């Protein structure tokens, strides 16, 4: 059985992320979305909110589960008996950074990374950009799953 992890902060999860999850789920028996905790960052959504939003947005993927993690992603992979890391790439800049990380993960732990080129319709989408556009009153319905859009709108209204 082959399994892979899709790591990230997912603050919040976007349709670009969902596209990568769907494509990874078609290639591996099991996908674990690892919502990684960075103690140096405070996100808009709590860890539990991010997990719930991903779960709600991926109910159509029976071989996908969502967990939290922190520390080295290679430790997360090994602890769960997974075999690979899957990362989405939007731009050449993403590739340069992710290639370095992939080479380090291979060197340190022998774990391979598989890159998925983001669909052109999502190549410009990022969590940060979606939040920024939403904060300025823009329409982000084409960037986010419906549940995420609803929760983001509510969270921005709470903040005033």
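Numbering starts at 1 and runs along the chain as it is shown here.
Cβ coordinates are placed from backbone N, Cα and C, and glycine is handled just like the others.
The substrate binding site feature in Swiss-Prot is assigned to 9, 41, 73, 87. According to DSSP, residue 87 (substrate binding site) is assigned to a strand segment.
Residues or ranges marked as ATP binding site by Swiss-Prot on the basis of sequence analysis: 9, 10, 17, 88, 89, 90, 98, 122, 123, 124, 125, 126, 127, 128. Listed in sequence order, the residues of the same chain lying 6 or more apart from residue 123 (ATP binding site) and placing their CB within less than 8 Å of its CB are 16, 90, 91.
For residue 17 (ATP binding site), the Cβ neighbour count at a 10 Å cut-off comes to 26, with all displayed protein chains included. In the three-state DSSP reading, residue 17 (ATP binding site) counts as helix. Taken from Swiss-Prot, the feature site 'Transition state stabilizer' covers 17, and the record attributes it to sequence analysis.
Of all the binding-site residues listed here (9, 41, 73), 9 has the Cα closest to the Cα of residue 89 (ATP binding site). Residue 41 (substrate binding site) sits 14 Å from residue 127 (ATP binding site), taking the Cα positions as reference. Neighbour counts were taken as the number of other C-beta atoms within 10 angstroms of each residue's C-beta; across the binding-site residues 9, 127, the minimum falls on 9. A gap of 15 Å separates the Cα atoms of residue 87 (substrate binding site) and residue 127 (ATP binding site). According to DSSP, residue 73 (substrate binding site) is assigned to a helical segment.
Comparing residue 125 (ATP binding site) with residue 73 (substrate binding site), their Cα atoms are 23 Å apart once rounded.
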